[in-house]
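For reference, TrEMBL has these:
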- 30-49: transmembrane segment (TRANSMEM)
- 61-82: transmembrane segment (TRANSMEM)
- 137-158: transmembrane segment (TRANSMEM)
- 223-251: transmembrane segment (TRANSMEM)
- 263-281: transmembrane segment (TRANSMEM)
- 293-312: transmembrane segment (TRANSMEM)
- 318-340: transmembrane segment (TRANSMEM)
- 352-374: transmembrane segment (TRANSMEM)
- 380-403: transmembrane segment (TRANSMEM)
- 411-433: region 'Disordered' (REGION)
Amino acid sequence: LAQSLFALFASSLAISLVFAIIPLCHNVVVLAVVMAVAGLAMGCIDTISNMQLVKIYQKDSAIFLQALHFFVGFGALLSPLIADPFLSDTNCILSNATANASSNLPHIRKSLVPHHPGNLSHYDLPMKGMVVTRVSYAFWIMALINLPVPIAVFFLLYKERMVPCFNSSSHPLLSADELAMESRPAEKDDLSTAVQRPHAAGGHDDLFSCCQSKNFRGASYTYFAVHITGALVLFMTDGIVGEYSGFIYSYAVEEPLSVVHKVAGYLPSLFWGFITLGRLISIPVSYRMKPATMVFINVVGVLITFLLLLIFSYSVVFLFVGTASLGLFLSSTFPSMLAYTEDILQYRGCATTVLVTGAGIGEMVLQLLVGSIIHDQGSYSFLVCGMIFGGLAFTFYAFLLFFHRMYPKPSSGMDDASPDKPAVLDDTGQYQR
């Protein structure tokens, strides 16, 4: 826990520093390095926050994961609204050619779609003059908004007596994870109770315990198959989120739809808005419905939505309806899959890292792949790619269900070296396998 909290503190503080530094970067190499640091910090936060919720709340983690990812979507929806007042509708450099360049901006935007760059040599854009942009304020405001997060994490470290300089002057918030204990039925046996109280013992596993090779000795092939198929499902679904939000605007403004640019600009916002709404709805739903059922509904819904988008590809109205529907179905896929996979693997926390990594790679790779295909095959291939990715997600989920049925059930006679055996307390109060 101490390692996780220190990593969260350092990562969240790094994000505030990065956002404060970005407007001061006047070299693209420096900017690239700064953005790489931000990516590392966000990856740490994503992995650790999911992993700790799973380890603390276990079977009840689905509700907390849905809440966590609701705020992820809410932030993605809110941050553009914060930046919007500081974005200029005219050229950012004042010179004699500013008036002509400003009038050309709508045409330039149309020519700069990701897959069909036009000939921009006839546009006169001023490269020298007084810079008048105010976009730096947006980055500084975001840095200030984020600053309470590392402060709150440091306060938690201080109250839990994990800060070396102040380990004797503060009183712990909780002697054990009382929230996790209260959320369990009273009739659980002592072994389950021991697993649910990682805070009570000082010798619980460290942050990288699941990566140790000794934990994989004697593991069945289904142990690895569950990790791989779960990661592949999220590779596809999170990849769809990335490619759809990145290319839906470009798809809409091209033929045959030819949507007006301002109207097409609402599509990414609609998509993220319904992702946020879906995650909010999923919080109470996950209390009543099993994660496996929610993932099934999600992947089937994504597949059907893409099929209907292909059938009604000439309808602008259905494009908006399909975008909203796709946002709803994709919204709870990640937290539900995480809760389901960890439930299969007895909440060791290792699957979280694999799934988060798979999702991140999918979001990166599929955007690049779809951009290349659209460039060569045209805008219609955007929906075809989504249909294929949705079909693959459903196929991998079917394999996950198969491996779940094959996966050995936990029993008291497990081999001590098995990664599936839950941690128990010995006579000294220390955790051991």
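Cβ coordinates come from backbone N, Cα and C, glycine included.
Away from its own ends, the transmembrane segment (223-251) comes close to residues 113-115, 216, 257, 264-265, 267-268, 271-272, 275, 295, 298-299, 302, 323, 326, 330, 333-334, 337, 340-341, 344-345, 350-351, 354-355, 357-367, 369-371, 374, 379, 382-383, 385-386, 389-390, 392-393, 396-397, 399-400, 403-404, 406-407, 419-420 of its chain (Cβ-Cβ under 8 Å, at least six residues beyond either end). The stretches the transmembrane segment (318-340) and the transmembrane segment (30-49) are not in mutual contact, being linked by fewer than three Cβ pairs under 8 Å (pairs 6 or more apart in sequence).
Between the transmembrane segment (137-158) and the stretches 30-49, 61-82, 263-281, it is 61-82 that has the most C-beta pairs under 8 angstroms. Scored by C-beta pairs under 8 angstroms, the transmembrane segment (352-374) has its highest count with 30-49, from the stretches 30-49, 61-82, 293-312. Note on the transmembrane segment (30-49): residues 4, 7-8, 10-12, 14-15, 18-19, 21-22, 68, 207, 352-353, 356-357, 360 of its chain, located 6 or more positions outside it, place their CB under 8 angstroms from a CB of the stretch. Beyond the ends of the transmembrane segment (61-82), by six or more residues, the same chain brings 49-50, 53-54, 138, 141-142, 145, 269, 272-273, 275-276, 279-280, 282-283, 286-287, 291, 331-332, 334-336, 338-339, 342, 347 to within a C-beta distance below 8 angstroms of the stretch.
Sequence-distant contacts of the transmembrane segment (293-312) (same chain, six or more residues past either end, CB-CB distance under 8 Å): 233, 237, 240, 282, 285-286, 318-319, 322, 325-326, 328-330, 332-333, 336-337, 340, 383-384, 386-387, 390-391, 393-394, 397.
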